[in-house]
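Here is the structure we will look at, set down as structure tokens.
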Amino acid sequence: MESSTSSPQPPLSDPLDPFPQRSLEPGDIAVLVLYFLFVLAVGLWSTVKTKRDTVKGYFLAGGDMVWWPVGASLFASNVGSGHFVGLAGSGAATGISVAAYEFNGMFSVLMLAWIFLPIYIAGQVTTMPEYLRRRFGGSRIAITLAVLYLFIYIFTKISVDMYAGAIFIQQSLHLDLYLSVVGLLAVTALYTVAGGLAAVIYTDALQTLIMLVGALTLMGYSFAAVGGMEGLQEKYFLALPSNRSENSSCGLPREDAFHLFRDPLTSDLPWPGILFGMSIPSLWYWCTDQVIVQRSLAAKNLSHAKGGSLMAAYLKVLPLFIMVFPGMVSRILFPDQVACADPETCQRVCNNPSGCSDIAYPKLVLELLPTGLRGLMMAVMVAALMSSLTSIFNSASTIFTMDLWNHVRPRASEKELMIVGRVFVLLLVLVSVLWIPVVQASQGGQLFVYIQAISSYLQPPVAMVFVLGCFWKRANEKGAFWGLVLGLLLGFIRLILDFIYVEPACHQPDERPSVVKNVHYLYFSMILSSVTVLTVTVMSLLTEPPSKEMISHLTWFTRRDPVVQKAQVPAATPLPPALSHNGTAEANSASIQLETIQEGASKAHSSDVTPKQSRVVRALLWLCGMEGKSTEQAPRPAEPVLASIEENPVVKTLLDVNCLLCICCAFFLWGYFA
């Protein structure tokens, strides 16, 4: 106990006030303002530079991104403010085990580029629900999946990131939580609505650089404050809150805090769950989530997509060092606030009786860093928040527009699709803000645990349907649909039980049903996956096999099938959705109106544009990327939606060797920290 109190700790007027009289000074605010201006400048530059007046240009950045902005965007989209707050908070509460998610992600992001992406490119798909529609036929799977993705985005991504970023800004500027959220969204929504995916990727590249510089700086200050890694390992176990009851184990650091692999029955992250149960949601996130896949599809070719995945995989080594370890340092320096164990005390400290570990990272920034660097770290947190939100907004609007709206209105003009996509972003924002109070009260005050629990209940069935669709040619629509429905039904039941039977505080008896109390969410992930695979297999074998058109170019074994040339269909005759599942480059599904503005629709809507328009109308058209469209403009020639899967042999070999090195690096980290 003496070691923890002897650590450098700023004087506090009230030991339970987490941020006493501590707010940003003029120098910090100047850095933050400069950051906002810089991001807006980059966002507006990319808005002007890139082609935003087509659906492909808006949703796929024109398909001409090189490897480094793709890799930076993959990392920035993954590491949002929820990561900074959540990983540091879980590190403070339970140790390094949460870093297993990051090391696991190294394998999954490589699987995306080397295994799944060639299938998506060969099948000429641009959204994940569209892949299932082409692979299995029909529309019920794609619609179910589109609705599920939007649900997951709202309840585990957007609201979590907004809450995490708002915690930081609320504590540093002493603003109301919701006012903080609205202020952040104003800038975020502006360049997402205006610029599309290109603006998102370019600003992500900038924000990745800012995140890394700021986070590495704070890591240096953190380790210096406790005497390096040796000091951290020694003092962490002495970081106890002063008001803890001597007869209680509440508030004690875990004995296995510095181990990734933990007891299979009694620990917070059992090792079988880490090895198997964790890999399944990770596979869903990196290989089938629209937010991530959309960035890789925007690459100019498969080699650039692989380069982006390699860059993201190497960057995934860093969160343990720049987030988890600093969170543990925060517990050492500020045990009474970060490690509070009494609900009344926690309520007083952070307005959350479940626990205050989520203030670990903001606490470090505001108490440890000098003026100027505090402003830089504020910029880092805002960068993390904005990069995640813009990515999710763009991908969610892509799914809604291309998979749901296009199903309802298959003949919708390109102009209509562009407007619908942008309006949906605004609707997403509203729903997500309303969900924040539920996030605030969930999972014992550990934000990252909340995210992973919901992921383990909803994502495994989807992941298994994708895996079977990609690697088992016999899987058919009936098997995939009923496997998905049964898996999601079980997942939603467990999710509802978790919200009804909230985990009790440390000193209270646990009277929850055994299925909630004794079945860890990672084990439940394994159960869901097994049920889904069994259902898909049995139903597929009992029903008719899929046609050749549903397999060609859409599985790993058929991705290189020869393309069957078909007669050109006149542009004025749109293909109905029923003819859209042959899987070739010429297969125009309802959602692939990315290639041309249909001549008939163009003429029908040309009368809407009057020769003279007010300045307000012209400004709105520019914001939506639809300015200056001539009514006499000839239809654009058809262009391939996605790149080829062919690669330069030398570049391919170089990438493969680099991939093996990255895998060896991941295995070393697993072994060293296991």
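Every residue, even glycine, has its Cβ placed from backbone N, Cα and C.
Of F471 and P513, Swiss-Prot records each on a different side of the membrane. Between the transmembrane segment (141-161) and the listed ranges 309-329, 376-396, 447-467, 480-500, 522-542, the one holding the most Cβ pairs under 8 Å is 447-467. Each residue of the topological domain 'Cytoplasmic' (202-208) gets a DSSP state, and the totals for helix, strand and coil are 7 helix, 0 strand, 0 coil. Residues 67-68, 70-72, 74-75, 78-79, 83-84, 87-92, 95-96, 98-99, 102-103, 105-106, 109-110, 112-114, 208, 212, 215-216, 218-219, 222-223, 225-226, 232, 236, 257, 296, 357, 360-361, 364, 655, 658-659, 662, 665-666, 669, 673 of the same chain lie 6+ residues outside the transmembrane segment (309-329) yet bring a C-beta within less than 8 angstroms of a C-beta in it.
Of the candidate ranges 209-229, 447-467, 654-674, 654-674 contributes the most Cβ pairs within a distance under 8 Å of the transmembrane segment (103-123).
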